[in-house]
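Visitor: Quick one: this structure, given as structure tokens, is what I'll be asking you about.
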Amino acid sequence: MKKEVLETLKHNKGRFISGEELSNRLGVTRTAVWKHIHQLKEEGYRIESVSKKGYKLLEEPDILNENALQLDLDTKIIGKRIIHLNTIDSTNTMAKKIAAEDGEEGTIVIAEEQTEGRGRLGRKWVSPKGTGIWMSLILKPSIEPTEAAKITQIAAAAVALAIRKVTGCEAGIKWPNDIILERKKVCGILTEMSAELNCVNYVIVGIGINVNGDMEAFPEDIKKTATSVKASAGKTVSRKAIVLYILREFERLYLDFIQSKSLQKSVEICKKYSVTLGNPVKIINRDRQIVAEAVDLTEEGELVIRNQKGELEKIISGEVSVRGISDYV
Ligand code: ADP
């Protein structure tokens with residue numbers, strides 16, 4: 001019911017709507033209306049209450065809970081259920097548990113803070129409270145396990161588009177899983193999977209974005225290579241607007257991938273905004289380090305490099321460091 005109260009206030013934003021009208025429209029008592037308004041205020045909604053006039057929504061807080069997001073979300077599956085938490089060890093870990101217990105495709109876990117946020121290979125992802133987007137998407141695609149890594153490219157395309165659209169900042173994609181602003185990492189994507197030999201049980205796509213974080217407060221080593229959306233945009237940015245855009249774009253590209261069995265639409269975006277292509281790169285794969293030039297992405301989303309002998313090679317995964325990007329080693 002709180003959702004309906006909020007919805008009605010939003011439709012009448014900036015105008016008063018009386019307690020009586022709200023209670024008639026929604027079929028609840030005026031006391032119930034008052035209680036929901038009180039809860040919304042506690043969540044950070046600025047609502048003016050004037051006796052005889054009623055309630056007026058002045059400002060919405062930048063919160064990422066189910067009520068706030070779903071009222072503005074027009075996706076079919078992604079975000080159908082949103083689990084929003086104040087604090088969690090890792091949204092990917094929680095998403096895995098939910099997925100294993102029959103969690104539906106499209107369910108999302110979002111936290112205000114992660115105490116043990118993870119990157120690839122057991123590395124840490126710093127996720128301070130209230131300033132970023134720390135979220136994981138649960139997917140259950142009918143694809144071969146070997147196809148699952150492609151979903152990282154879909155997420156990268158969706159995040160780059162979202163940051164560009166919401167802020168006008170020129171977000172770039174560092175193949176395969178980082179989003180870059182002004183040569184520094186603003187977002188990391190961690191895709192994890194549970195699969196049998198030839199069937200996927202679930203895929204979890206973890207997306208961590210530094211939105212309004214104070215980069216000065218980050219650990220010294222990360223400060224050198226990391227940035228926030230706010231630092232580039234020069235102002236505080238709505239996390240909600242970015243989340244909504246990501247979910248919409250992700251759904252569009254993901255459904256296209258599943259239906260057409262082609263990654264082409266996402267690859268086009270990843271190519272267009274790539275900060276990798278055309279640059280010297282170092283690739284670390286197990287014990288081997290290759291120095292090469294990144295030349296292309298295939299239709300399957302693999303990186304094509306020209307090695308030092310002038311031969312073309314396809315890279316499916318690995319640690320890539322790109323000359324010109326701040327974490328170049
Ligand atoms: P990569 O994809 O760049 O190889 P990962 O996806 O494994 O890296 O991310 C983990 C690494 O990212 C950490 O080792 C750390 O250097 C860096 N990092 C950790 N937290 C953040 C953050 N909030 N923003 C940017 N970079 C971070």
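Each residue, glycine too, has its Cβ placed from N, Cα and C.
Got these off TrEMBL a minute ago, pasting:
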DNA_BIND  19-38  DNA-binding region
BINDING   Ser90, Thr91, Asn92, Gln114, Arg118, Gly119, Arg120, Lys185  biotin binding site
DOMAIN    58-258  domain 'BPL/LPL catalytic'
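Quick one: how deep are these features, and who are their neighbours?
Guide: Counting residues of the DNA-binding region (19-38) by DSSP class, helix then strand then coil, yields 17 helix, 0 strand, 3 coil.
A simple way to gauge crowding: the CB of Thr91 (biotin binding site) has 29 other CB atoms within 10 angstroms, across all the protein chains here.
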Visitor: Using CB under 6 Å from any atom of ligand 1, narrow the binding-site residues Ser90, Thr91, Gln114, Gly119, Arg120, Lys185 to the ones that qualify.
Guide: Gly119, Arg120, Lys185
Visitor: Under 8 Å between C-beta atoms and at least six apart in sequence, can you list the same-chain neighbours of Lys185 (biotin binding site), or say none if there are none?
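Guide: Residues satisfying the criterion: Lys174, Asp178, Ile179, Thr225, Ala226, Thr227, Ile325, Ser326, Asp327.
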Visitor: Need the DSSP three-state call for Gln114 (biotin binding site) to compare against my parser.
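Guide: DSSP assigns Gln114 (biotin binding site) to strand.
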Visitor: Record lists Ser90, Thr91, Asn92, Gln114, Arg118, Gly119, Arg120, Lys185 as binding biotin; longest Cα-Cα distance in Å?
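Guide: Result: 20 Å between the two most distant Cα atoms.
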Visitor: Quick one: give me the count of other CB atoms within 10 A of the CB of Gly119 (biotin binding site).
Guide: 16
Visitor: Averaged over the DNA-binding region (19-38), what pLDDT does the prediction give?
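Guide: 94, rounded to a whole number.
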Visitor: Which chain-mates of Ser90 (biotin binding site) that are at least 6 residues away have a CB under 8 A from its CB, listed by sequence?
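Guide: Spatial neighbours, sequence-distant, of Ser90 (biotin binding site): Gln114, Glu116, Gly117, Arg118, Gly206.
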